[in-house]
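Q: Per TrEMBL, the feature domain 'K+ potassium transporter integral membrane' maps to 23-520. Sequence annotations record features per position, and here TrEMBL assigns transmembrane segment to 60-81, 153-175, 195-214, 221-243, 268-288, 300-320, 345-370, 391-415, 427-446, 453-475, 481-501. Residues or ranges marked as domain 'K+ potassium transporter C-terminal' in TrEMBL: 533-777.
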Amino acid sequence: MDQETGVYRNYAKKESWRTVLTLAYQSLGVVYGDLSTSPLYVYKSTFEEDIQHSETNEEIYGVLSFVFWTLTLVPLLKYVFIVLRADDNGEGGTFALYSLLCRHARVNFLPNCQLADEELIEYKKDSIGVAPKSTFGSSLKSTLEKHRVLQRFLLVLALIGTCMVIGDGILTPAISVFSAVSGLELSMSKEHHKYVEVPVACIILIGLFALQHYGTHRVGFLFAPVVLIWLLCISAIGLYNIIHWNPHVYQALSPYYMYKFLRKTQRGGWMSLGGILLCITGSEAMFADLGHFSQLSIKIAFTSLVYPSLVLAYMGQAAYLSRHHIIESDYRIGFYVSVPEKLRWPVLVIAILAAVVGSQAIITGTFSIIKQCSALGCFPRVKIVHTSSKIHGQIYIPEINWLLMILCLAVTVGFRDTKRMGNASGLAVITVMLVTTCLMSLVIVLCWQKSVFFAIGFVFFFGTIEALYFTASLIKFLEGAWVPIALAFIFLIIMCVWHYGTLKKYEFDVQNKVSINWLLSLGPSLGIVRVRGIGLVHTELVSGIPAIFSHFVTNLPAFHQVLVFLCIKSVPVPHVRPEERFLVGHIGPREFRLYRCIVRYGYRDVHKDDMEFEKDLVCSIAEFIRSGSVAPASDNEDVVKDDDKMTVVGTCSSHTEGIQMSEDDADNIEAAGPSELKEIRSPPAIKARKRVRFIVPESPQIDSGAREELQELMEAREAGIAYILGHSYVRAKQGSSLIKKLVINLGYEFLRRNSRPPTYALSVPHVSTLEVGMIYHV
């Protein structure tokens with residue numbers, strides 16, 4: 001199945017209410033697993049140390065009031081009603097906001113951008129490129145475009161949010177599973193419990209990460225029912241506790257109780273906000289996982305089920321605790337103590353399953369955001385395995401998976417309590433939300449073209465709330481909050497070093513590229529023997545001839561009859577449509593048989609395997625030759641500027657009325673009747689490894705020169721494709737500063753040696769690959 005067609009299902013999301021409700025049901029298992037398990041540890045983390053549960057109930061009522069209004073203002077008001085609207089062609093998350101800003105203000109750091117990229121359909125949506133209406137918006141846009149320092153700050157801000165999401169991918173499974181397993185504390189003595197809780201949690205976590213390579217599509221259908229049962233369970237238990245223990249607990253929803261809480265507890269109450277903050281862990285997933293669902297489905301699921309269930313669960317716990325003030329031990333304030341004794345074991349099982357589902361969702365989200373970073377040149381290349389051919393976006397990254405598992409186990413074994421885990425998780429969560437708030441303020445002005453006062457109001461209102469929680473979490477730096485900071489710092493250094501090295505390497509390529517005039521002076525044979533076959537010279541350049549090619553020409557006695565300079569690049573949109581995948585053009589006159597092919601992918605696109613990619617590549621060049629002959633260019637054109645004359649060509653499946661290619665041994669092709677198409681066949685005397693035929697539409701007619709060019713391309717394809725890959729060694733040039741030498745010679749070179757080769761080379765046969773080493777002095 002062609003996975004590319006799956007990414008455009010967003011346009012069918014609004015077909016019917018049945019579709020919307022189905023998506024809303026499915027979103028329970030993917031989006032809300034983490035958020036729905038937060039009642040397991042919020043009260044326990046809040047009352048762990050900073051405040052005490054007293055007979056007056058002012059503490060428990062104040063905490064309930066804080067939880068209710070935090071849930072109402074952040075997930076409901078901020079995300080559901082505002083942030084979800086800032087989607088990037090259906091995609092969400094930190095990089096989606098950054099991608100929107102890159103296209104509206106031209107602040108992206110992708111090195112090989114072209115004006116042709118701005119003609120993409122996904123790029124031009126929502127009036128991309130239209131100048132902001134307000135004077136402030138125009139001045140803000142020009143300021144961002146002029147000052148590279150501000151552009152770097154914007155990139156670093158987005159990367160900080162990304163690093164904290166990765167940190168959350170480590171901390172969330174630890175605290176969710178550990179808190180679920182902590183229900184065992186009520187069925188055994190504390191002496192035995194402490195020897196059971198950690199091993200059981202570690203076994204569950206190891207099993208969770210060990211099963212990642214199978215993908216979630218085999219058990220994904222169970223995720224939504226598990227979370228649905230869990231939400232119904234906690235809401236029913238909450239309703240029972242409200243009716244049975246304290247029907248008047250609803251009065252604590254008044255904001256007045258927050259004031260009473262802070263007045264009584266003062267500094268302890270402020271520090272306890274780090275525990276209350278955990279009630280909104282997982283809220284960012286509503287935006288980050290937007291690409292798999294729709295805005296309406298996520299809104300329906302949250303407002304109609306998730307939000308009421310969570311409110312009832314927290315009210316029920318508060319109602320129970322308001323009538324139970326005798327604390328027998330230091331672990332009696334928690335979720336399971338409010339569960340009726342006869343239901344504790346079934347609830348424990350459901351809680352563990354829900355924690356696993358929530359952990360699975362954040363792990364998958366971590367894989368996804370690392371793939372986006374890698375596509376945009378901000379993370380070393382890693383192996384990406386697509387675990388499902390039918391469901392887009394389900395990927396597995398082996399190196400990251402095992403790294404997450406080791407760090408997650410280290411956190412679980414090292415902390416062994418929800419207090420420090422909660423401090424760590426809370427800081428990671430609130431940092432991501434602060435980054436989202438900052439980026440959203442720019443989106444409001446530059447993308448939505450709203451008043452600057454609306455943006456300031458958004459930042460002031462939500463930023464104040466989040467800053468309050470951020471300070472309460474940061475003050476517990478030594479009590480666990482250092483973990484996300486340390487993790488984020490390490491990942492941020494890796495991302496910045498890789499991005500800096502990649503930019504410097506590209507700048508070296510641009511400065512040392514070969515003039516096309518030099519190429520034309522060699523003549524059609526390029527001064528060497530041209531042998532049968534296609535040579536794919538990979539380059540990062542979108543214009544000019546790479547220096548590595550001159551090295552080939554001067555050192556090799558022969559080269560292929562058809563040469564293609566291939567550039568595979570990412571553009572700042574989530575998806576590139578198949579009909580806009582390729583940009584193809586001639587380099588020099590037609591008889592040189594030199595082509596430039598630029599393959600464009602969005603940061604969430606699926607890269608095809610080598611065989612399907614080769615077919616699409618050759619077919620796109622053939623379609624370019626045919627379409628070029630139909631509308632011939634003027635003979636007086638300046639061939640030196642041929643890089644500007646690129647033609648947009650789609651994949652084979654996207655131009656069914658154009659040239660089609662057959663590579664099987666069948667004598668007849670059933671694709672179309674003889675009245676519509678005619679074949680260009682390879683000569684029967686040639687003993688090819690595979691039989692290749694181009695099926696060319698009879699109308700419009702193509703000239704003899706194009707037919708000859710197609711014939712030669714077909715013969716070259718039958719002879720085979722060779723991949724010419726540059727193997728670069730990057731070194732800081734003489735006179736560079738000590739910091740630059742450390743970053744390039746040690747940091748970037750270490751990452752390059754230990755990262756995967758480019759994705760296009762992973763499955764290329766070694767016999768078809770030619771690697772040539774070059775030293776880059778940057």
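Even glycines carry a Cβ here, placed using N, Cα and C.
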Q: Short question: which residues 6 or more past the ends of the transmembrane segment (300-320) have a Cβ under 8 Å from it?
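A: For the transmembrane segment (300-320), the list is 20-21, 24-25, 27-28, 31-32, 35-36, 38-39, 42-43, 60-61, 63-64, 67-68, 71, 75-76, 80, 228, 231-232, 234-235, 237-242, 244-247, 249-250, 252-253, 279, 286, 335, 337-338.
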Q: State the residues, same chain only, that lie 6 or more residues beyond the ends of the transmembrane segment (453-475) and have a CB under 8 A from a CB inside it; answer 'none' if no residue qualifies.
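A: Residues 70, 73-74, 78, 82, 270-274, 276-277, 423, 426-427, 430-431, 433-434, 437-438, 440-442, 444-445, 481 contact the transmembrane segment (453-475) from elsewhere in the chain.
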Q: By Cβ distance under 8 Å, which residues at least 6 away from the ends of the transmembrane segment (391-415) in the same chain are close to it?
A: 3, 6-7, 9, 169-171, 173-174, 177-178, 198, 201-202, 205-206, 209-210, 212-213, 215-217, 220, 291-292, 363-364, 366-368, 370-371, 382-385, 421, 424, 480, 483, 487, 604, 606
Q: Out of 60-81, 268-288, 345-370, which stretch touches the transmembrane segment (153-175) the most, going by CB pairs under 8 Å?
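A: By the under-8 Å Cβ criterion, the transmembrane segment (153-175) pairs most with 345-370.
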Q: Are there residues at least 6 beyond the ends of the transmembrane segment (268-288) whose Cβ is under 8 Å from a Cβ of it, and what are they?
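A: Residues 30-36, 38-39, 41-48, 50-51, 59, 62-63, 66-67, 70-71, 74-75, 79-80, 83-84, 92-94, 96, 165, 168, 172, 261-262, 298, 302, 310, 314, 358, 361-362, 365, 368-369, 422-423, 425-427, 429-430, 432-433, 436, 468-469, 472-473, 475-476, 481 contact the transmembrane segment (268-288) from elsewhere in the chain.
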